[in-house]
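Report on the structure given below.
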């Protein structure tokens, strides 16, 4: 028996991975379970079980856009949104800080980054880029191993009715190298629940020790597996549920330390669970995917889906079904959550997913354009009940011109995404059309390139690169290789690898320099503070400032006591010495700690009784409610010292101006673009503010101007800015109230411009629909007049559907308007000069140069963006007219000179001479006109220039011998002059330098006569 179990264990070590493939033909039922259960009912049963039977709080799925976590491209696990709890950095005043036992169904995307299933999707019967993760959590020791295992076993066997003999479990068998003992507690719990001992297997850290990353909370895990074989032959196990017991922390040096608090984190893929309950071998053979397969079949006319893989899948039809179905789910969910296809980061990954779906749709399924967009409503139908943000978009599709749906969203206290109405399908269809166009252009470029290649030549790597996602057209490299393979051409793989390496080196060179290591409170420091019973820092004094009758703001000092000091490496100390950079924890502070997009305050502090010794404070950061000040000690400082804090007044006031301006800008954008316009992020400091907004298309100059005008009105009215802290629950149903995808404290601060908070929060007043009312913890002006002015100086597209605005205020904004006014006057002068006309080429060329100079100045200038765009359009037209005027003058001048040369030369096969010409353009026109008037004549002209160079242009008569080409003729002459030449076999030009023009002319005649 032991040998048998050992054999099974060896097979499991190979088979048990985080995403094992499903085995066998997909249509064969594998279970004698009751009739299949619908996917939505399976999800509901999970949530109801934990809420009703075990008192868990149901938490909505987080957006697939990670919230403040740069380590992730997408949310890829249910635990992502709870990281602040695991790391101890959760705001103690937030709703999340009160979580003890919760459950949810989380939207997850695994594509790009550390967890990347993209290239596996379609090839087998189990991989997905989008999936739903069912999970339950217990924080701070609310419950641990015994309760977690018992609940999981109860749900699977009693609620879902999975036979116990089909379930196996694995537990952590220890790691002697890390000094970790086997998790015998989990083993004994499973045995006590009745799991047979031969179904309880131990594995090492690779299989049964879960880690968040290279550092951070981690711990042993126990996994529940389902046996597909059902006792017939060797077990065929797939993982169903992973129960992680977070009890350690992986330090930067690789060591493990016990966590201050223990947590339970479990995750079970809905798709796999539904497949088990419906008796299917494949996650794609469930009702989660069958509606999509039916719609794909109806939309493209391909043979029905049969669930084949590998060689059995002739023509890769079933592979294409799986790719398209999976990818349209991912696209719909991501776009609804504000991630649109783009050129970097998560948007770039989404762009690859979209283009991969288009490839399989058009190349394999032969679907007509627009199929992907037509599948979006099917995704909404299958997922909308669980994830209402998809349904809200769907509601807008039905009545695109009906504003009541938007109003209804506000009345329900929801935040509608800007991608309305039907914009998910529209965006998918637009990108699909763009990719198909790129595909056609790519084919034409390949065909043109092949025409100039020899039979055994490799396809140039630089051309393939220009076609790729890293180049101009955005075609996946594997698709380029496939297109070449179809034509029997081999790609220069070595050259391509070199280009890939150079691109990687360039990106590494262009990468932002590593930021200086910030002082921080790590998980252990926070745990120690909580263990000592220290309360979070009282930072309410940051709001203690007033507006004096003179219009000046007064920021009073704040008295505080030093509670703890930290060295740069995070060690807690009782004292620091002169010149030492340290972290300072106080009982209270008037410094604003960086958060919510607003830069941290800076300033200084002094010790009580030592007013002449200043301790500079560089910044303040918040960690789990404790505010850490970065201080450079001027003298000795120790725990217990009384200090007085002073914020940098100019810096704080600049941040206040920008933050109030940010709210006014957000409100003005909604007034201009529509009430569903969504802010995607912002950042501000005293110099500028950056604002990201969801848009269907780039803002027009008129829209930009209107937004600025709307803000200016509010500024000129010098409206009062009201603030109040209110219970978070009171903000849930306020029409028009703006909030971002952030965790807010409770009570929460409300900032209202022009409307008292009490009236703004009255659900019946709808005052928030006509004014700027937002949840915000930042510092603000008390009246809008101090903003002075606001100018949008830059506008760019971050991704399709997201516009970034760069904004300045106050005197900077007024200066920008002056610059814009001055440049507009210069453009007017240039237009007048063009209308008057130029007397000669010198004047015409000077005007063209002046227009070019203005264009460059316009690109660099700090000025209103709406004005820049308007003036750039005018300059583009002026440049075109200036170039037309130059061409006309050049043609007229060329006509005169060609006529003079014809008079000097008798009719014959050759004209070689010098002529005065101001540019190569004029010289080429003289040559062409000579050849037009004397069709059988080959012409070469030289034109000496004042700077000592010599211009050369030539054209060979049509009747000349094939060996006589213009480019060879020009090269022979220019080489003698130490120059270069270029062109075609008919027309060529070049430059050189010589003091002996006669010798150059003689060489030109001799070469031509020899060829003729």
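One is the number of the first residue shown, and numbering goes on along the chain from there.
Including glycine, each Cβ sits where the backbone N, Cα and C put it.
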Out of 19-39, 40-60, let me know the one TrEMBL marks region 'Disordered'. 19-39
Cβ-Cβ under 8 Å from residue 780 (Zn(2+) binding site), same chain, 6 or more residues apart: which ones? 656, 659, 660, 663, 721, 723, 751
List, in sequence order, the residues of the same chain other than 659, 663, 776, 780 whose Cβ lies within 8 Å of the centroid of the Cβ atoms of the recorded Zn(2+) site. 660, 662, 721, 751, 774, 778, 779
Within 10 Å of the Cβ of residue 659 (Zn(2+) binding site), how many other Cβ atoms can be counted across all chains shown? 24
Count the other Cβ atoms sitting within 10 Å of the Cβ of residue 663 (Zn(2+) binding site), across every protein chain shown. 27
Using a 10 Å cut-off, grab the number of neighbouring Cβ atoms around the Cβ of residue 776 (Zn(2+) binding site), all chains included. 25
On average, what pLDDT score does this prediction assign to the domain 'Alanyl-transfer RNA synthetases family profile' (37-819)? 89
